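Structure first, then comments.
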Amino acid sequence: MKVFTAEQIREADAHTIRNEPVTSIGLMERAARAIFQWMVNCYDPSKRIAVVCGTGNNGGDGLAVSRMLHEHGYRVDVYVINRKTTGSDDFETNLNRLPVPWKQISESGEIPSFEQYGLIIDAIFGTGLSRAAEGIYAESIRAMNDSSVEILAIDLPSGLFPDASSAGMKVVHATVTLTFQLPKLALLMPENGRCTGEWEVLDIGLDQDFISSQHSPFSLITAGLVDQLIPARSKFDHKGNYGHGIIIAGSHGKIGAAVLAARAALRSGIGLLTMYIPRDGYPILQSAVPEAMVITDENEHYLSGIPDLEGASAVGIGPGIGRQAETVYTLEEALRNSNKPMVLDADALNLLAEHPHLKDLVPENSILTPHPGEFRRLVGEWNNDFERLDKQRSLSRERKWIVVLKGSHTSVSFPDGQVFFNTTGNPGMATAGCGDVLTGVITSILAQGIKPTAAALCGVYIHGYAGDLAREAGSEAGLIAGDVVRYLPHAFAAFE
Ligand SMILES: NC(=O)C1=CN([C@@H]2O[C@H](COP(=O)(O)OP(=O)(O)OC[C@H]3O[C@@H](n4cnc5c(N)ncnc54)[C@H](O)[C@@H]3O)[C@@H](O)[C@H]2O)[C@H](O)CC1
Ligand SMILES: [K+]
């Protein structure tokens, strides 16, 4: 699924009106109906609802939703902010159709007490926001946020720019955002998590051919996409068909990282797995993961040498390796000896940042999986998440790397400038070891002969999906990395 800019959404809207054909007010009715139907499934008519509208088309949506709710027995109070002059045509039409009285919120007047309501519908601004909310708009937003009432935002939380940073601006803190047709970039940025709440896309029937014909550098990783990318296993296959991966991992006190990566790789379909670890990890790894082969470094506590990488179909390096001077040699030799894309994670990335000349040795199309801290060490500071995204895209373009920037909606950037945002995963996965599991999953998929771009997308999605299944079976707080491994088979089952 593509992510569109506000401009592209407007074009899709205009194209649909011209070609379907449907009137502009008809399309607004459809959008409002989608919101209304979603609400009927979630809220019963006992909730008193405040609908706070601007005077553009987002406000028009709010008015149409108010009418539908009223007609179905919901108690709605409609507020319009600052209707000094006339609003948009479709806003005015819907104001005329409104079967209930409405109240003005004006610069000089009072802001209603929202505490009396069970739900607030935010229809002040959508994709048409042109500057930061100020004055009575900002005050209304503050009053809505200060109330303890749930807020449902139509299309976007008001005050949020769809395609640029809104850092420092007054924005509605929605509990849920129902956005039309396609997600907007702002919904995917961690800095907006507090404003967007949970968000969902509602289909309002914009022209699919037009949407397909439009280029967007941004997309979501969906189950449908992963399904297309993961090849089916054949009944005549043997383990030799599923690759031989080598994962270079672990140091004293962090052998657990190697264990997690190994288990994850094996649970992700790899044929053969060799782990290269420091000597004192040998008994731990062999007993924890008997399915893996183990080669040990000469050094007891950390890595200082390099295994033979000849014959490996994929190499992953980094989980728990630490930053010892000798381990720089391990990384450098692994990079020099690997003639195909690798997976680099954790301290392998920190060592790259500390020894920048090593960056030139990273094979093209390698998959780097930094968390924001590791990413900062690689590229420096950013002022907001849109700038961070720019830096991620530049790094992918300049170095020809696939960069998997971990977080909520993990972003995966490709050398051609495309970025895919993940739709699985949950805050319970912000826990030690989940990154090691991801390295295992991606290395495993890569080792099976799947292209690096597909391996990164499938790995990220399935890892998050396994985390979601683990949460379902338990809780976010109680989730540990081992649970993600445990649910990998169930996550893969969805694609068999
Ligand atoms: N895209 C679709 O397919 C559909 C979208 N719908 C809804 O329409 C809005 C976008 O409507 P638009 O009229 O373009 O913009 P807004 O309602 O978001 O608000 C614009 C309105 O407000 C003024 N304005 C902008 N910023 C400020 C500010 N900071 N302070 C004061 N005033 C401001 C601006 O000048 C305009 O007058 C979209 O989000 C959907 O909700 C359709 O209903 C269905 C199809
Ligand atoms: K809104």
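Cβ coordinates come from backbone N, Cα and C, glycine included.
Pulled from TrEMBL, these are the features on record:
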| type | residues | note |
| --- | --- | --- |
| BINDING | 57-61, 126-132, Tyr137, Asp155, Ala257, Gly320, His371, Asp436 | (6S)-NADPHX binding site |
| BINDING | Asn58, Asp122, Ser158 | K(+) binding site |
| BINDING | Lys406, Gly407, Ser408, His409, Thr410, Gly435 | AMP binding site |
| DOMAIN | 9-212 | domain 'YjeF N-terminal' |
| DOMAIN | 222-495 | domain 'YjeF C-terminal' |
Recorded AMP binding residues, Lys406, Gly407, Ser408, His409, Thr410, Gly435 - maximal Cα separation rounded to whole Å: 14
Listed binding-site residues among Asn58, Ser158, Gly407, Ser408, His409, Gly435 whose Cα sits within 10 Å of Tyr137 ((6S)-NADPHX binding site): Ser158
Filtered binding-site residues, from Asp122, Tyr137, Lys406, Gly407, His409, Thr410, whose Cβ is under 6 Å from an atom of ligand 1: Tyr137
Distance [Cα-Cα, Å, rounded] between His409 (AMP binding site) and Asp122 (K(+) binding site): 24
Cα distance (Å, whole number) from Gly435 (AMP binding site) to Asn57 ((6S)-NADPHX binding site): 43
Residues among the binding-site residues Asp122, Thr127, Ser408 that border ligand 2 - Cβ under 6 angstroms, in sequence order: Asp122
Collapsed DSSP category at Lys406 (AMP binding site): coil
CB-centroid shell, 8 A cutoff, K(+) site Asn58, Asp122, Ser158, site residues removed: Val52, Cys53, Gly54, Gly59, Gly62, Ala123, Ile124, Phe125, Gly126, Ala153, Ile154, Asp155, Leu156, Pro157, Gly159, Val172
Neighbourhood of Gly435 (AMP binding site), C-beta criterion under 8 angstroms, separation at least six: Pro319, Asp345, Ala346, Thr369, His371, Lys406
